[in-house]
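If you check TrEMBL, you get these features:
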| type | residues | note |
| --- | --- | --- |
| REGION | 1-72 | region 'Disordered' |
| COMPBIAS | 56-67 | compositional bias 'Low complexity' |
| DOMAIN | 73-168 | domain 'Fibronectin type-III' |
| DOMAIN | 172-260 | domain 'Ig-like' |
| DOMAIN | 269-364 | domain 'Fibronectin type-III' |
| DOMAIN | 382-466 | domain 'Ig-like' |
Amino acid sequence: MMEKTTSEDPACSTEETATESAKVPTAEPPREAAVSESTGEEQVPKPQAPAPQAPAAPATTKSAPPSEDVPSAPLLLTLEDVSNSSVTVSWEPPESLGRLGLQGYVLELCREGASEWVPVSARPMMVTQQTVRNLALGDKLLLRVSAVSSAGAGPPAMLDQPVHIRENIEAPKIRVPRHLRQTHIRQVGETVNLQIPFQGKPKPQATWTHNGHALDSQRVSVRTGDQDSILFIRSAQRSDSGRYELTVHVEGLEAKAAIDILVIEKPGPPSSIQLLDVWGCNAALQWTPPQDTGNTELLGYTVQKADKKTGQWFTVLERYHPTTCTISDLIIGNSYSFRVFSENLCGLSASATVTKELAHIQKADIAAKPKGFIERDFSEAPSFTQPLADHTSTPGYSTQLFCSVRASPKPKIIWMKNKMEIQGNPKYRALSEQGVCTLEIRKPSPFDSGVYTCKAINVLGEASVDCRLEVKASATH
């Protein structure tokens with residue numbers, strides 16, 4: 001058996017199919033055929049100018065050679081590849097090569113609707129795969145191949161169906177931008193401009209639907225190019241919300257992509273508000289959700305209060321989700337109004353719902369309830385909390401002695417020197433204030449040295465403290 005060769009074999013061109021004269025094969029190929037074989041590329045043969053030696057069909061001869069001298073038909077003629085300008089076929093060697101041996105194969109083509117078979121190459125080629133190039137886009141060709149010996153061409157093997165030369169088909173694919181893979185949110189009045197890239201060959205056909213129905217051409221514009229499709233809405237309305245589906249078709253193949261668009265606006269205010277109760281410095285409110293949420297879910301409510309005297313509004317709660325609340329820390333004696341806004345992604349509602357009644361924070365009636373007072377007896381016998389301290393003084397300089405006493409009732413204070421009272425002596429001055437007893441000795445002399453005593457006496461008892469005073473004599477020379 002003969003080995004299969006491909007179009008890349010340098011020894012013989014894959015595009016060339018040798019065709020000798022079916023009646024009388026020539027001993028050596030024409031010069032033109034040899035040149036064509038050396039190039040390795042086959043041009044599209046022109047049916048109107050076939051080679052003079054080529055017959056209309058290799059199978060038609062004036063006198064059929066003996067069947068044992070010519071090869072049988074090649075086996076398994078297969079279409080390998082089709083592009084927009086070429087076609088590649090392959091086959092297997094015939095079962096019978098004939099008594100005279102095999103000289104090669106002749107590949108022929110015939111355009112659909114024509115009756116003339118045109119050989120692809122000038123002489124037979126010892127290959128089992130060939131590529132025909134430079135074909136016209138849109139052609140439909142019939143292909144057949146025959147094995148040739150020196151006795152002539154054997155019966156051909158033919159493809160069952162015509163080969164359609166057309167552009168390569170690339171399955172469509174849609175590339176949805178990342179920011180459009182989630183719900184695309186726009187506000188009422190804003191523009192919607194979606195550019196969706198896609199790919200595919202030949203040029204894809206793109207169609208859009210809105211919630212499964214055709215687009216409203218009066219509101220939505222679509223421009224489709226070779227590589228993308230643009231959906232444009234000049235002024236979005238809430239009715240434009242929904243699912244937009246892009247479908248791209250290529251030769252019976254399709255790809256789909258869905259984009260969700262949500263057009264929203266500010267919500268309406270709560271439907272109603274009621275002042276439930278007022279107690280102490282607190283007020284309880286209740287309201288009902290708005291009838292119009294702006295085509296999206298609410299983020300919550302904003303609650304504000306205003307004093308009747310000033311009329312200024314202050315925010316108490318923000319993005320508050322329940323529909324009841326208690327407002328505390330209100331000022332006693334003031335009257336308050338309350339209002340509630342709804343809020344969504346677009347912001348607060350244009351208006352608020354205000355309470356019809358005022359919340360009056362009244363002063364509580366306070367009644368004094370004095371408890372029975374038990375008078376305490378503070379009577380106390382004298383006791384010294386700070387005793388007298390021994391002291392040394394210099395002659396000629398006044399000095400003072402201090403002590404402190406506690407007693408109730410107020411005690412009588414008596415000062416003594418060496419157990420003798422010194423009351424009325426102008427040399428001494430005694431003071432007593434807030435329990436602090438002071439004895440001032442004016443310009444003492446060594447004669448004033450001695451033991452001084454302070455005695456405190458009241459009706460409950462008495463107490464005394466002592467100290468020694470030393471007045472040093474001046475040094476004599």
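Quick reminder: no glycine exception, Cβ is built from N, Cα and C everywhere.
Summarised by DSSP class, the composition of the domain 'Ig-like' (172-260) is 6 helix, 53 strand, 30 coil. Counting residue by residue with DSSP, the domain 'Ig-like' (382-466) contains 3 helix, 53 strand, 29 coil.
DSSP assignment over the domain 'Fibronectin type-III' (73-168) gives 0 helix, 45 strand, 51 coil.
Predicted-model confidence for the domain 'Fibronectin type-III' (73-168) is 86, expressed as mean pLDDT.
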